[in-house]
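Peer 1: Below you'll find the structure I mean.
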Amino acid sequence: MAQLISRLRVWRGAVLLLAGLYFLIPMAASVWFSIDDANGISFDAYTGLLSAPGFTDSLVLTLELAAVTVVVLLLLLVPAMIAVRLGAPKLRPVLEVVCTLPLVVPPVALTAGLIGVLRWGPDYLMDTPFFQTFVFIQQPEFPLVLVIAYVLMALPLAYRALDSGLRAVDVRTLVEAARNCGASWPRAVVSVILPNLRGALLNASFLTLALVLGEFTTASILGFQPFAVWIYSVGNSQGQMSVAVSVLSLLITWVLLLLLAAAGRERRHKTTTAS
Amino acid sequence: MTTAPTPVPAPAAADLSGGPRAAGTATTSPTPPPAGRRLLRGKAWLATLPLLLFFLVGFGLPAVAIVTGAFTVSGDAETGAGSFTTANVTDSVQGAYWTALVSSVKLSALTALIGTAVGVPIAQAVLTSRFRMLREAVLTASGVLANFGGLPLAFAFVATLGNAGELTKMFHLTDHGWSLYSFTGLTVAYLYFLVPLMVLTITPALEGLRVQWREAAQNNRATSLQYWRHVALPILFPSLLGGFVLLFGSAFAAYATAAAMVGATVPLISRQIADALSGNVLVGQGNLALALSLDMIIVAVLVMAVYLPLQRRSARWLS
């Protein structure tokens with residue numbers, strides 16, 4: 001038995017070591033690449049970041065897109081998922097299909113379809129009010145069409161995160177208890193269900209944020225310039241800076257998720273002592 | 001998660017408790033108690049309406065555009081614009097496009113296979129580790145790598161293993177025939193986001209393996225290997241297959257990784273579509289991109305179709 005356990009430990013250690021090497025070496029090498037200079041070490045790629053043309057614009061655009069995407073996604077998904085659990089169980093398969101279908105349509109294909117739809121604007125709808133809508137969702141300052149694409153891409157991801165959150169909560173009992181205490185429907189959902197879903201909501205939001213921050217396909221083909229497209233265009237002239245930004249954005253998102261996990265754990269500890 | 005799978009409440013008990021059942025069973029019960037129906041009957045579906053409408057417009061219209069566009073003559077063609085044709089679709093499965101489709105499928109299948117085989121031991125090693133910090137660090141890092149998309153990762157790989165990459169320079173890898181821009185190079189880069197995706201996907205399933213099953217196997221003198229072969233893997237099989245399908249889809253859809261590795265020699269269908277959309281094709285072939293997209297969706301649907309029925313089976317054991 002003791003032999004078995006020690007063999008298991010060796011095996012586990014080897015797996016972790018190899019995996020660690022594979023995942024840490026590219027990161028370390030990238031950091032080294034971004035500071036490696038002909039004359040030694042230089043942090044120009046990091047210090048020059050803020051003054052680099054287009055950096056702040058693209059970052060702000062991406063953060064705005066991410067914020068709007070998260071809000072729209074949650075506003076659409078959360079009521080639907082709660083309703084399906086409370087009173088419309090027959091719609092549950094429909095919701096599952098809706099939230100799985102985007103997985104079979106790769107972003108490139110979705111973009112091709114979106115372009116196909118956007119072409120209808122000038123082709124058929126020139127004289128109708130719809131044409132203005134088409135122009136409006138494509139304005140470069142805030143391309144709403146990207147929000148539509150991102151919400152669709154994030155649907156499966158957010159659905160799974162929220163579903164696992166909802167599994168852990170007895171929505172029906174909680175709402176019935178709140179209703180029996182005289183709470184209105186909106187109040188029962190907002191002040192009883194949502195606080196219980198805090199972890200799942202944050203998780204879904206952060207994964208969506210990561211998706212939007214890194215999204216390149218749709219934005220680049222449609223010709224907008226959020227963060228990832230900016231990294232790409234900078235990569236052609238300033239390789240070090242693009243690598244520096246890539247590593248930084250990955251690390252920052254990771255630290256944010258880690259903090260989130262830590263916060264979620266503390267809350268769980270407090271709440272599980274009661275049950 | 002310790003509740004019995006099929007609770008059978010006596011009718012009298014149900015009357016006394018007045019509807020709401022024990023936590024954990026109510027959410028999964030196929031027939032909701034009458035109290036819930038009374039609460040919300042007729043109105044609940046209204047809350048799903050915004051999502052369904054959004055989906056119908058945001059997803060339905062592009063889908064219609066792909067299907068109709070794939071079967072009509074492009075708008076910029078000189079003759080017969082807008083009329084029905086199968087030329088786009090036949091073109092999209094011939095010559096260079098067919099090569100790209102095949103090589104995309106090959107790359108995705110290979111990377112998904114390796115990703116599945118490598119991801120499971122890593123997930124198991126991390127899950128059984130004594131350090132909770134390691135566990136959380138790995139799971140969150142997996143979340144970032146799997147969802148962040150390929151572009152930053154591609155740049156990291158170019159900096160590491162590209163022609164001027166640090167490791168390439170340090171070990172003179174190009175002299176040994178290494179190239180990041182080859183099939184092997186892309187495989188190594190793809191695994192960087194596919195393995196974390198597998199770790200994320202399989203972790204809940206591995207957590208669902210009960211200690212009792214392992215103990216029962218051990219009490220029957222099963223070796224560790226026998227336990228995995230006859231107990232754990234059969235239970236995990238649907239989840240593994242599901243993970244494989246997800247990885248395949250992810251690799252198949254990937255565009256940014258390949259796009260950022262400028263000069264990659266591997267033809268990929270996603271790049272062909274992007275090129276076609278950017279206007280790098282002949283005049284009159286604008287709808288070819290839509291036909292190629294249709295091909296891509298068909299492949300993804302075929303692969304997905306294998307997985308969905310199996311997912312139900314796995315849910316029975318690992319709830």
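From the backbone N, Cα and C atoms, a Cβ is placed for every residue, glycine too.
Features from TrEMBL:
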COMPBIAS  B:1-10  compositional bias 'Pro residues'
REGION    B:1-35  region 'Disordered'
COMPBIAS  B:11-29  compositional bias 'Low complexity'
TRANSMEM  B:44-67  transmembrane segment
DOMAIN    B:101-307  domain 'ABC transmembrane type-1'
TRANSMEM  B:107-127  transmembrane segment
TRANSMEM  B:139-160  transmembrane segment
TRANSMEM  B:180-206  transmembrane segment
TRANSMEM  B:227-255  transmembrane segment
TRANSMEM  B:288-310  transmembrane segment
Peer 1: Hey, does the transmembrane segment (B:288-310) touch the transmembrane segment (B:107-127), meaning at least 3 C-beta pairs closer than 8 angstroms, sequence gap 6 or more?
Peer 2: no
Peer 1: Which residues of the same chain, at least 6 past either end of the transmembrane segment (B:139-160), have a Cβ under 8 Å from a Cβ in it?
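Peer 2: Residues packing against the transmembrane segment (B:139-160) from afar: 126, 166-168, 180, 188-189, 192-194, 196-197, 199-200, 203, 250, 254-261.
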Peer 1: What residues in the same chain, six or more past the boundaries of the transmembrane segment (B:44-67), come closer than 8 Å to it by Cβ-Cβ distance?
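Peer 2: For the transmembrane segment (B:44-67), the nonlocal Cβ contacts are 290, 293-294, 297.
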